[in-house]
Amino acid sequence: MGKRLLDKLWERHVVATNENGLDLLYIDLHLVHEVTSPQAFEGLRLTNRTVRRPDLTFATMDHNIPTKDVWNITDRIAKQQLDTLRENCKQFQVPLADIGDEEQGIVHVIGPELGLTQPGKTIVCGDSHTATHGAFGALAFGIGTSEVEHVLATQTLWQRKPKAMGIELKGKLQKGVYAKDIILHLLSKYGVAVGTGYVMEFYGETIQAMEMEERMTLCNMAIEGGAKAGIIAPDEKTVAYVKGRKYAPKDYETFEKKWSELYTDADAMYDLHISIDVTDLAPYVTWGTNPSMGVRIDEKLPEKHDVNDERAFSYMGLSPGQSTYDIPVQHVFIGSCTNSRLSDLEIAASVVKGRKVKEGVRALVVPGSKRVRDAAMQKGLHHIFEEAGFEWREPGCSMCLGMNPDQVPEGEHCASTSNRNFEGRQGKGARTHLVSPAMAAAAALYGHFVDIRKESYDGAISYS
């Protein structure tokens, strides 16, 4: 019997196995940010320990930083967390991408762009969306603060091996339909618990056609389906993406050979298998308070089936049978570790070029990193956004979560390219709708959702 990609990644990192069936995994890369690390570093101090492998640890500031004026941090707790991370990294000799550094950005954006993320690695971070890095054929997952301390101290982690789920994606996406729509479709069909106890492996002709940044979007939201991680076998596109980046391997040919072995064998069996044909897939919009509460843009909102639906409709101020086109949009957020990379910004810019944001709509573009921001500005994207009426911000997690000044007011609706739409996620009483960058950009122009596949809806939508 052949091996799955998960098996190969797991077996390469098992240091020991205990009597309870838990495996001690060696961790190749530990990513750190300001929110989940303070107690972990303090735990090292209290036990007089050091960071075992500072060279395999990398920290950045992302969750709490303001994106309008990065140096003016008025929130006392946010400032304390940022200052604490700076002090901890200095004391324990951990590399830090500080505010203003060219390497600073959202942790799951800078890992790949710096070449820290590589095929075959085990990668952890005190953040749910660590699964993003699985797009490179890495086993990457989020951990809690006590586990952050364990990895800092030992460079290992006790884990129970998950089961393997194969998700085959077949067909070619229509124009205006993206990886974000695939994952929202998957969640709407199978729910937020389908992946519980599993690692999702995405594969198939649709994956082969995708560029790396869309693959990252898919893996990023595997956690929203309950999965431990999302993974994609590395291929030529993966190798080309990593090659030449700052922290990429210098002995490239040796690593490339090892990476070529990372795939699921033809005779291997998944514990669970799902097949999706994306040919007729449409853009998706979430209407409720978890990522599985989504519909195609050309569908009506569903009927109420249980108390959860009842509560979601009430919180969102929407009704069963309502058209998605009738959902008002007062805020637009293009950013987050899901959709803030250069290709995401290029797609959004192509939609709004030469157009104007609807009066009464507040629209933000927040690049995922300093490097993304600089690259976008070199292409003139900031001019396109600003001329359209968008705010062009500094990199950070921003409006994805209500931990910094970028928040949605109570009772107002936001078209967001982020990954979670829970109650209060973007601020107290905020109503979040998850969409692709193209859909978010179009919503900014009209003040409601439109079908980006159509060249006109109340007027022309520019694609160039």
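A Cβ is built for glycine as well, from the same backbone N, Cα and C atoms used for every other residue.
Per Swiss-Prot, the features are:
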- CYS337, CYS397, CYS400: [4Fe-4S] cluster binding site (BINDING)
Long-range Cβ environment of CYS397 ([4Fe-4S] cluster binding site), under 8 Å and at least 6 residues apart: ASP62, HIS63, ILE65, ILE106, GLY335, SER336, CYS337, MET403, ASN404
Protein Cβ atoms within 10 Å of CYS337 ([4Fe-4S] cluster binding site), excluding its own: 28
For CYS400 ([4Fe-4S] cluster binding site): intrachain residues, at least 6 apart, with Cβ closer than 8 Å: PHE333, GLY335, SER336, CYS337, SER416, SER418, ASN419, ARG420, ARG425, GLN426
[4Fe-4S] cluster site, defined by CYS337, CYS397, CYS400: further same-chain residues with Cβ within 8 Å of the Cβ centre: ASP62, HIS63, ILE106, HIS108, HIS129, GLY335, SER336, THR338, SER340, GLY368, GLY396, SER398, LEU401, SER418, ASN419
